[in-house]
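Chemist: One structure, pasted below without further comment.
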Amino acid sequence: WYYECKENWPKTQNELYEKTYTVVLFVLTFALPVLGLGYTYLSIVGMMCSYRIPGNAEPSRDQQHLHAKVKVINMMIAVMVCFVLSWFPLQVLQFLIYFAPEMTQCRGHECFTYYMSFFACHWIAMANSFM
């Protein structure tokens, strides 16, 4: 037997509840975190770039300090890219389920592709935690 866990929304003409929920979920779980990370990391980069080492210039020390700044900036970019690449496929799938249901409906052998993409999108999103 096959069981599927789905939300049970009141019936409306254009599925307003489902679509509103999907958009709110997208904003709260993807758009706001990306904007928050972006703003925070840009603030950190701005502070790092404006900081000057006190004292006389010393080329080897200054070069080492610049190298450390570049490593931190690259790490922050990697964190942002990992977050976006991990969670974006699941967000797209959620939008397809509610805004283009004909693309996600399946019968018989066609279901394998949908189920595997559903599993893969969720697995990739959760993989962000161990990256």
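Quick reminder: no glycine exception, Cβ is built from N, Cα and C everywhere.
A TrEMBL annotation is a machine prediction, not a hand-curated record.
Here's the feature list from TrEMBL:
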DOMAIN    1-131  domain 'G-protein coupled receptors family 1 profile'
TRANSMEM  20-51  transmembrane segment
TRANSMEM  72-100  transmembrane segment
TRANSMEM  112-130  transmembrane segment
Chemist: So what's near the transmembrane segment (112-130) in sequence-distant terms, Cβ-Cβ under 8 Å and 6+ beyond its ends?
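Modeler: Non-local partners: 82-83, 85-87, 89-90, 92-93, 104, 106.
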Chemist: Please count the residues of the domain 'G-protein coupled receptors family 1 profile' (1-131) that DSSP assigns to helix (H, G, I), strand (E, B) and coil.
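Modeler: Helix, strand, coil within the domain 'G-protein coupled receptors family 1 profile' (1-131): 100 helix, 0 strand, 31 coil.
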